[in-house]
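Participant: Can you keep this structure in mind? I'll have questions shortly.
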Amino acid sequence: MTLRETVNNAHSHWMDADGPESEIIISSRVRVARNLAGIPFPHLLNKENSEKVIHAVRLAISNKEASELLGGLELSSLGELSPLERQILVDKHLISPDLLNDFQRKAVVLREDEVVSIMVNEEDHLRIQCILPGLQLKEAWDVVNRVDDGLEKTLDYAFSEKVGYLTSCPTNVGTGMRASVMIHLPGLKLAKQLAGVLNAINKLGLTVRGLYGEGTEALGDLFQISNQITLGQSEEEIINNLISIARQILAQEQAARRNLYKDRREVIEDRVFRAFGALKYARILSSEEAMRLFSDLRLGVEMKIISGIPVRLLNELMVKIRPAFITKMAGRELTPYQRDIFRAGLIRREFANLPV
């Protein structure tokens, strides 16, 4: 898939819902931060050095000796994309919102299957990312590690024998790794246990963020849980620790769902079928309301209360209902009210042929 096809298509591999534990853990992501030796960190980069970094990355991904490790990678300057297309890459979790700032000096590298993306000149010179469906942190790390090794055949990284990889933010020094899972926790929220679980997570040295990272809301009861510390731990230790905690949260969410269904079956079923009815027939829907309804419906699908609704479709719709993709589909700028009408119509059309 070319970059142009990527921004015209809401689907991405992590949405396939075919990974382990994907009924609750939507996706796993591993990202490493790397900087080039002898070049100032991005917050000090001038235009000349920004272009130097982009040129170095372009050469690295073209290195035929590293082709088996890298796979097919394509680099594009963010300046080549429209504001809508840049935002769609954010909505698909392929780049961060921060990459959009001062975008003329930045670039993105994508693998054809969208499993791998590399942000160039974000907070660090390179941020190499792999995102996979379900709980697949080890597999995502294997992919990132191979790409990192391939790039290092050409690039000279800023590295200290004493502390490890050097990064713009001190919290990333060491392995430079951030591992995270996107997890759906409506059961804990309905059982009023969510705050306690999130507080416990923070005490374990992990951080909890919203759907699109730091400073964003947990739309649709979706949370990103990631490690905070990279110094003094190996990559394997970071991965194994997060897997262990993710499984504990998974078990708590499953228990909350079982208890809710046992004690408040009619209430849960009512939420699920009300959500389905609203999504199938509503004429006006804001993105926030749609995400809330998707959460209730997703809960019903995962608990086998309702059938015939692919989770993959719900994952895709999380991107399709965002303002950027709606504007792109409409082919013109819309007012917020017009977007809400368009969004409701889009969802009705998607639901019209479901065997429900």
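Cβ atoms are placed via backbone N, Cα and C, with glycine included.
Sharing the features that Swiss-Prot gives for it:
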| type | residues | note |
| --- | --- | --- |
| BINDING | 27-31, HIS93, ARG127, 178-182, 209-214 | ATP binding site |
| DOMAIN | 24-256 | domain 'Phosphagen kinase C-terminal' |
Participant: Within 10 Å of the Cβ of SER180 (ATP binding site), how many other Cβ atoms can you find? Include all protein chains, please.
Facilitator: 25
Participant: Taking the domain 'Phosphagen kinase C-terminal' (24-256) alone, what is its mean pLDDT?
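Facilitator: PLDDT averaged over the stretch: 93.
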Participant: Tell me, by DSSP, whether SER180 (ATP binding site) is helix, strand or coil?
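Facilitator: Assignment for SER180 (ATP binding site) reads strand.
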Participant: Given the binding-site residues ARG127, ARG209, which one has the fewest other C-beta atoms within 10 angstroms of its C-beta?
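Facilitator: Each of the binding-site residues ARG127, ARG209 was scored; lowest Cβ tally within 10 Å is ARG209.
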Participant: Around the C-beta of SER27 (ATP binding site), how many further C-beta atoms are within 10 angstroms, looking at every protein chain?
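Facilitator: Excluding its own Cβ, SER27 (ATP binding site) sees 27 Cβ atoms within 10 Å.
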